[in-house]
């Protein structure tokens, strides 16, 4: 997972004002000549408002400057008389006076432009305050989500997500990463993202997954060699983080999966270890609003020698709970997910996932019949992968894992 106020305030389309000049008639009536005054803007002139296009404004101008006499049009057809040279001169003088008044009004418009802009802003874009330390949002989904954050934190009673203390200030990079991920998981629907974030924060408050990673020692017999985290440098200067679940390492399915809450705690601790490798808490770049998300990981589930997943109800319950909880608590952290050495009887797993995950997430899933095919799917780091996954790198046991009681398996940093 910064917005600025839009100062491009729309201005009123001011129509051209037509001032008709007519001479005073004696025995004949002169046809009126249109005098065009162009591009006049609405303005406020000192204590008396004068607005072009407003009848009262024209009267104000008339009081200040001489104006041609306006006569009511006759109901009968008039015969136009050829204006005299004196009449032309009189009309020109009056037109010049009107132009001078218009120039003065235009100068006053220029001098009050900033004040008028601020007034228009206050009426067309009402500000929304988060608190004393935050900025007015710009109307984008992310900015609106920021405006909801204080209420979310109050309702949840918790302000930590993935090692990040959430901050309502829109310039807080790490918070923007979290919010953007929850938005993308909900197709930019702020209301849905707000509900999910609130639920995720409540879950973290109860589960305390970071403490599970740091303080808890898990049962080696139940979970030993079941999960690892590896990190490989890329040619672009970044790194590819992979979480591995080696289900073939399970020796006693009932011990490992029968206690679903215990399995979920172990799995959450492993997930927190993966997130730590992503360095979200120290990130300095926001996720581009409509660009690729660089803060994601790869997951690999290996089912080599697994022949017990089709019917065992305990395993199904653990899998269902994990999928449902993680889709809520860890949205948009998955770049791709590979299921390797998948037997045909594992079809029910993919069916279960479709119930809780979005179509876009399902597209990230890639079942592979053989583990050695994995390297071809991740060519950028293929050679760094363990041999059984198509590479030439170190074994998984050299990677990171959670703490286990009474053994010397690799520990998390």
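Numbers run from 1 along the shown chain.
Here the Cβ of each residue, glycine as well, is placed from N, Cα and C on the backbone.
Copied over from Swiss-Prot, here are the features:
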- 1-141: region 'Disordered' (REGION)
- 85-111: compositional bias 'Basic and acidic residues' (COMPBIAS)
- 222-397: domain 'CRAL-TRIO' (DOMAIN)
- 247, 267, 301, 303, 337: heme binding site (BINDING)
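Structure coloured by features recorded in Swiss-Prot.
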| residue | record | CB count, 10 Å |
| --- | --- | --- |
| 247 | heme binding site | 22 |
| 267 | heme binding site | 23 |
| 301 | heme binding site | 20 |
| 303 | heme binding site | 21 |
| 337 | heme binding site | 19 |
**Study point:** Arithmetic mean of per-residue pLDDT over the domain 'CRAL-TRIO' (222-397)
**Key:** 90
Check your understanding: Going by DSSP, is residue 337 (heme binding site) part of a helix, a strand, or coil?
Key -> strand
Check your understanding: Once the DSSP letters are reduced so that anything not helix or strand counts as coil, what is residue 303 (heme binding site)?
Key -> coil
Check your understanding: For heme, with binders 247, 267, 301, 303, 337, what's the maximum Cα separation in whole Å?
Key -> 17
Check your understanding: Quick one: what's DSSP say for residue 247 (heme binding site), helix, strand or coil?
Key -> helix
